[in-house]
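**Student:** Pasting the relevant annotations from TrEMBL:
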- B:20-40: transmembrane segment (TRANSMEM)
- B:70-265: domain 'ABC transmembrane type-1' (DOMAIN)
- B:74-94: transmembrane segment (TRANSMEM)
- B:115-136: transmembrane segment (TRANSMEM)
- B:142-161: transmembrane segment (TRANSMEM)
- B:189-211: transmembrane segment (TRANSMEM)
- B:246-265: transmembrane segment (TRANSMEM)
Amino acid sequence: MSEAATAAVAVEGRNLVKAFGQGNAAVRALDDVSVTIAKGEFFTLLGPSGCGKTTLLRLIAGFESPTSGAILLDGRDITALPPNRRPVNTVFQSYALFPHLTVAQNVAFGLQMLGKPKAEVAATVDRMLALVKLEAFAARRTSQLSGGQQQRVALARALAPAPQVLLLDEPLSALDLKLRKEMQTELKRLQTETGITFVFVTHDQEEALTMSDRVAVMSAGQILQTGSPRQIYTRPANRFVASFIGETNFLTARISGGAAHLAGGVIALPAGTADTASATLAIRPEHLRLAPPGTPGALPATVAHSVYFGTDSHLHLRLADGAELVARQQTSADGAAGPEPGTEVGVLIAEGAVQVLQE
Amino acid sequence: MAKRSARPFSVTDLPGFATIAIMAFVALYVPILTLVAYSFNGATSVAVWGGFSLQWYVAAWDNTVVQAAAMRSLGIAACASVLATTVATMAALGTTRTAPFRGQTAIYVAINQPLMVPEIVTAVALLIFFAAIKVATGYTGLAYLVMAHTAFCIPFAYLPIRARLEGMDLSLETAAADLYASRWRTFRYVTLPLLAPGIAAGAMLAFVISLDDVVITEFVKSAGQDTLPTYMLGQMRRAITPETNAISTALLALTVLLLTAFFLLTRKRD
Ligand SMILES: Nc1ncnc2c1ncn2[C@@H]1O[C@H](COP(=O)(O)OP(=O)(O)OP(=O)(O)O)[C@@H](O)[C@H]1O
Ligand SMILES: [Mg+2]
């Protein structure tokens with residue numbers, strides 16, 4: 001969603017701080033987080049365990065109140081509203097289905113609490129169960145369902161009241177790989193069909209990249225970068241983002257005159273790159289090409305070893321100054337093996353592939 | 001070196017285990033079985049077997065004093081268990097569904113005080129306390145017994161309810177709040193239905209405990225307020241008759257029934 005910045009805002013977090021505990025023992029689960037989520041967007045919070053993803057979601061849902069900062073929904077300050085008065089629903093990681101109710105009663109719960117008329121409740125429940133393809137299970141107890149089915153009930157239950165925002169806390173993490181892939185597609189379909197703003201939490205970078213309109217990468221209670229999957233992958237703002245998403249080579253170089261100077265050579269950089277005595281360059285393995293040694297513009301390197309993955313192999317290369325680089329090479333059609341360890345090669349870096357990181 | 005046994009250590013392998021187990025069961029159940037057997041005794045003596053007969057059950061059933069005591073016992077147990085369960089439910093919610101607060105342990109101890117203070121001490125204290133109130137108000141009805149029973153039944157109702165609340169998945173209540181349920185409706189539509197087996201178990205335990213009480217009842221009751229246990233105690237002082245056996249057996253049957261229900265309600269579901 002490239003127009004995200006100009007589209008109507010669904011959720012806004014302003015300078016959110018959440019501290020648990022008192023005094024010296026206090027943990028800052030969120031440390032001055034500001035975030036803007038557009039209407040109808042599939043927005044993903046991505047980050048390692050303990051970085052504060054769940055905490056941010058719980059603040060939006062209202063299960064927790066921020067130590068400081070404000071939460072706005074559709075432009076209205078909802079910081080002080082209890083969860084039952086926020087038009088926001090949650091799909092819990094553990095599903096949290098009511099064990100004493102049937103599937104249909106679970107889905108009806110939110111509508112009933114909103115005081116919707118009986119006929120409307122019944123119609124919406126039918127529609128929701130059809131949406132998640134569970135019509136046949138309406139009268140079942142939730143304990144009689146498989147993990148994937150429970151997950152869909154949780155989804156239907158949260159979607160039934162037509163919330164302005166749907167919060168999903170690692171909803172797929174309990175599923176096996178195959179079901180997970182299926183549900184990813186399913187979720188994306190539901191989001192497109194309903195047009196509801198999704199705030200999705202995951203620590204799986206692939207999931208984040210494939211499903212999201214925009215991703216916020218979090219670490220240690222802060223949002224490090226927000227952007228489209230493409231922006232995050234190709235233009236990581238810092239070393240953490242670059243290494244957390246996909247694989248990246250890091251090189252240290254001196255920058256002057258619009259080029260990076262390494263021990264074995266010079267790499268051209270985009271015009272206007274500021275001079276620095278020591279900068280970190282990030283280069284994705286798939287943007288490195290091997291060339292015969294001595295090719296103009298190629299960095300001289302030695303093959304250290306290679307790891308074969310089937311569709312491609314990772315060549316570990318050593319540069320003149322001892323720095324290591326990994327280059328990804330597609331397996332050739334004839335299946336020929338790549339260069340042997342010890343081979344002298346040249347490394348060509350695709351134009352625009354180098355990202356100068358701010359530390 | 002001892003040969004390593006293929007089986008892990010089990011207490012049942014210890015020498016004398018079977019003997020001790022049998023002795024324990026004998027000590028526990030032979031007296032009860034004797035009591036039950038002799039309640040069907042056709043003879044007037046409690047020691048000589050005179051053939052199978054239900055005469056003592058008929059005698060007890062037809063005895064108006066026994067009838068009155070039984071009704072009183074059941075009435076008090078019903079009132080006390082309802083009151084105790086209500087208080088216990090509120091107390092359990094207050095000690096599990098609130099943020100930890102100062103003095104929480106003290107409150108926990110206070111709620112369970114009747115389990116720890118010797119019953120005779122409570123009985124004497126209540127006797128003196130209620131005597132003063134009786135003089136002051138002139139009221140001498142059954143309410144004193146109901147109040148006393150309620151008080152010592154509370155911990156028995158509290159413990160199973162609290163156990164169930166603690167075992168409950170808190171995210172269910174969070175989910176209810178997320179789905180627009182106010183605090184009250186969360187309690188009404190989620191917590192309470194899930195807690196119901198715990199409440200029923202607590203009520204049943206309280207009922208049995210109240211039904212069975214002798215010491216406090218004996219001290220607190222006014223004239224003509226015998227419950228079944230205090231009536232039996234009074235009878236025993238004069239003469240032991242198989243009628244007492246019959247009443248005891250009936251009481252035992254009721255208790256076993258209620259405790260079985262309690263067990264079924266509190267056991268873990270698989
Ligand atoms: N109720 C709490 N009391 C104290 N500390 C908490 C509490 N909840 C979270 N924290 C702390 O806040 C930090 C962020 O927790 P949070 O649950 O938001 O992480 P997360 O990003 O969701 O991690 P995960 O991927 O493991 O679920 C952690 O260090 C955690 O220990
Ligand atoms: Mg989490």
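Glycine is treated like the rest: Cβ placed from N, Cα and C.
Just so you know, TrEMBL annotations never went through curation; they're auto-generated.
Remember, it's a predicted structure, so these values are computed and weren't measured experimentally.
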**Student:** Six or more residues out from either end of the transmembrane segment (B:142-161), which same-chain residues have a Cβ under 8 Å from its Cβ atoms?
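**Tutor:** The answer is 72, 75-77, 79-81, 83-85, 87-89, 91-92, 111-115, 119, 122, 126, 130, 133-134, 195, 198-199, 201-203, 205-206, 209-210, 213, 216-217, 220-222, 225, 227, 262, 266.
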**Student:** Cβ under 8 Å to the transmembrane segment (B:115-136), counting only same-chain residues 6 or more beyond its ends: which ones?
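**Tutor:** Hits for the transmembrane segment (B:115-136): 109, 144, 148, 151-152, 155, 215-216, 218-220, 222.
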**Student:** Given pairs 6 or more apart, does the transmembrane segment (B:20-40) have at least three Cβ pairs under 8 Å with the transmembrane segment (B:246-265)?
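**Tutor:** Yes, the transmembrane segment (B:20-40) and the transmembrane segment (B:246-265) are in contact.
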